[in-house]
Amino acid sequence: MPTSLPFSPAWLAFAQAAQNASRRGDRLRIIEAAGLRIDLTAQAQSEQLDQAAQALLVQQNFDAARAHLYDGGEANWTERRPAWHTALRADNPPPAVAQAVLSERERVRRFVRELDGADAYGGILHLGIGGSDWGPRMVTRALRHYGLRRNIQFASNVDSHAVADAIGQLDPHDTLVIVASKSFTTTEPLANAEVAMNWLRDAGVADPIKHVVAITANVDAALDFGISPDRVFRFWDWVGGRYSLWSAIGLPVALALGCEALDQLLAGAAAMDQHFLQAPPLRNAPLQMALAGIANRSVLGYATLAITPYDSRLMHLVPWAQQLDMESLGKVATRDGTPVGVPTGPVVWGMPGTDCQHTFFQWLHQDTTGAPVDFIVCEQPDHPYARHHKLLIANCLAQRSALLRGKSYEEALHETRQHEPDAQRAELLARHRVHPGGRPSNLIVLPRLDAYSLGALLALYEHKVFAQGALWGINPFDQWGVEFGKLLAKNIIRELDAPSSAEASDQDPSTRHWIDILSRRG
Ligand code: F6P
């Protein structure tokens, strides 16, 4: 029986080194990867921590785990599958899947070129949720400044206000409906697809199903839905939903922004794949972000991670990262089923800067604990207002510096004495102005927000999450936690539909109460 992580030699050494490491940011640590620069200077750092991290990589068989990410080994061990998203964006995919990947990649592009050539469909209604929605939604919003070729509207929530808002902005006679669902059994996209079909039918569109495309790993279900084979684009069960943007799930990106944008997105991610595979540990950006995140989460007591992209175009990056990180790492069981024994996946939250400064930076600076922050910024803006960009950059660097250096009582007292003549009151006010400092952060710098850099950024986070899963010994590619709620929902729907069946059910008192109340509303 292997020693559990918290009592293993390498972990004990890593934890002690992290506790004792410097958090003053006195040694510059910047890594260049796929055109991005990742500054980890403000993370806990020391020679001892670097050495302990190296030993932890060896103890946790990191190299072997990483190799499976690229060679199609069983990276997802509870579902006995590869997690081969790197194959989807490789110029030369592994032979075992090359033909499938390259032919489907070409099918997607040929379809887009056909529609573009025929100037077909000015509108797209995209119906998907989770990993079948966040990626395309986030990318098309982030790159909108390159000009959208079509009016694309996303509806994910089963709350019909979402799909009603979307179709309200589209012409049913000029809209292609995309049903994106890996399983093609998820309630939300299928319920929204029903609304979309009625919308087309009610508008007098002849044979509505001809205006529907499916993107799925369950081709039979899409064909049963009535979608013609030439409108079903597929990916495979060895692609995780939240890692599937690089597959045919990326079709809406090409329809909205062009095939070149999708190709550049994949190219940037592929460049980060090569960096992650080849860079030595100390120069490996995803790995160093992963190690800093493990130190922060499992040793230094930070329960959350804030992501603040200083660019309003990246507004959907936070929810995309929330699913990627929390659905991958919110777990406790290790490969042999025993509990991991240390805190794992952080709560990921955040919002673009500078809005974040006026929303929660008070908490980040002066809360009893605070949280590590990932600052993301583009060196070059895509607007002509140079002054605005300087203000943005200055605010990003200032917040990061304030978190790191803090403000001592003496510095605060010197400040308050400038305007408060009463010495006692000046001392009291100074107590309220102290900033503890030593609060960790990363700064990720993109040259500019283009498809290549965005692809590299997304792959950076994918590999960080994978590396943390490998080092904690948990599976970042399954999601058993979401199945239970879905099953209970099906039971409750059945009782709402047929209240008579409710008596026999074993609901808790509160759920029982609300089923009774709400089922009476019909
Ligand atoms: O949230 C659970 C989940 O299975 C995600 O992992 C997935 O991205 C989402 O639901 C949608 O699933 P599908 O693409 O199969 O509709």
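Backbone N, Cα and C atoms are what each Cβ position is placed from, and that goes for glycine too.
As recorded in TrEMBL, the features of this protein are as follows:
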| type | residues | note |
| --- | --- | --- |
| ACT_SITE | Glu327 | active site, proton donor |
| ACT_SITE | His358 | active site |
| ACT_SITE | Lys486 | active site |
Kindly assign Glu327 (active site, proton donor) to one of the three DSSP-derived states: helix, strand or coil.
helix
Out of Glu327, His358, Lys486, which has the highest number of nearby Cβ atoms, where nearby means within 10 Å of its Cβ, if these are the active-site residues?
Glu327
Using Cα coordinates, what distance in whole Å links Glu327 (active site, proton donor) and His358 (active site)?
28
Any idea what the Cα distance is from Lys486 (active site) over to His358 (active site), rounded to a whole Å?
37
